[in-house]
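The active site annotation in TrEMBL covers H226. Feature annotation from TrEMBL assigns ATP binding site to D230, G231, N232, G233, R234, V235, G236, R237. Marked as domain 'Fido' by TrEMBL: 142-289.
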Amino acid sequence: MSMFEQNVAWPPLGYEERPWHNVQDDYGSRTQRRRAAGPYLAAVPPFISGLEIHIDGELQALAEEAASELARFDAEVGQIAAPFASILLRTESASSSEIENLTSGARQIALAELGEHASRNAQLIVGNVRAMQAALALSESIDGHAILEMHRALLEQSNPDIVGHWRDQQVWIGGGSLGPHTAQFVPPHHERVAALMDDLVAFANRVDLPVLVQTAITHAQFETIHPFPDGNGRVGRALIQAMLRGGKLTRNVAVPVSAGLLHDTGRYFDAHGAYRSGDIAPIVRSIAEASFAAVHNGRILVDDLETVQLEWRDRVKARRDSAAHRLVSILLRQPVIDSAAAATQLGISAVNAQVAINRLVDAGVLVQISSGRRNRIWLAEDVVRVLDEFGARAKRRR
């Protein structure tokens, strides 16, 4: 009997009583203060680095098929000359952020990437792009340092005090701010985090497990440990990308698995609850099914952007080796641009970059979205439309 056919439960969480010292004695009603007084229960996750994985044959087959589909899509997109790696990375980052209710349109995200004034959510999403980039760059060596660097890339600009180390305080999910007593979930006490993360890294680096199954469990265990005061969900999904890349399921792009999870976030969160209760099947199924949805939506995105690019090239009246045509490819990954950014990307002078921009304005590829003649900014509306359509599809329930 193989390890995948046995019916052996995954160990559920234990709990331990911890003392609580309320530092907000004068805050809240008497009832609230009473509920937030005295000891509380914190989770004690099992160490998993040496555990066997037991899932049924049907789920094993689903996970293997999903892994094959991820690898197939990665290979398909990797053969295309257009800059889809950066495009898919941005869509994955935006979708992962949206799971945390950090939403922003493609236009605002592009403005934030350019360094222009944009919404706070857009700026946080750009931070998540950096976290995903760090995850992929560090995928060959997933260790504690790599995970800390993902977190640093995510939050160094918005919350620098909490990066560079595991949390040093108790955190909880739901239940109010006075204390963890009425929380939906209380992760392990911070004194346990370092040892649990060492164990998680050991599990993530095993070579005897199917990559997608291993990735799903690593992600669920990471979210259970909750090693940071903030950013755990986004770093946990960046870790998914790092493991897919490190496990060689992807080599070229970040397949937007988070966009697949957006189809049914309730089911995704329930899968984490099931994991904490000792059932790994729901989180494996959630990640596998999200992979299929991500590939389907990703293929539509790639097709739509290729269509946009072909239409643009037909409309641009310039030589194919001109700066204007080279700028077309850049706009697919950077749909908001100014003359300085165009000059840098093209490796030409600002004057010649402006000539290329003007050609694309004349062709209806770019429109100016700033006022006046100084510090002008242009937008590729077709790309923003396609990216927003991708986001809308991701949120539709299956």
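Our numbering is plain: 1 for the first residue shown, then up by one each step along the chain.
Cβ coordinates are placed from backbone N, Cα and C, and glycine is handled just like the others.
Shown in sequence order, E100, H151, L154, E223, F228, A238 are the same-chain residues outside D230, G231, N232, G233, R234, V235, G236, R237 whose Cβ sits within 8 Å of the Cβ centre of the ATP site.
Looking just at the domain 'Fido' (142-289), the mean pLDDT is 97.
Cβ-based neighbour count (10 Å, all protein chains) for V235 (ATP binding site) stands at 28. Considering other CB atoms within 10 Å as the measure, the emptiest surroundings among the binding-site residues G231, G233, G236 are those of G233.
Each residue contributes its Cα atom, and for G233 (ATP binding site) and H226 (active site) those atoms are 8 Å apart. Residue counts of the domain 'Fido' (142-289) by helix, strand and coil are 89 helix, 2 strand, 57 coil (DSSP-based). Counted within 10 Å of its Cβ, the other Cβ atoms near D230 (ATP binding site) come to 18, all protein chains included. All protein chains considered, the CB of the residue listed as 'active site' has 24 other CB atoms within 10 Å.
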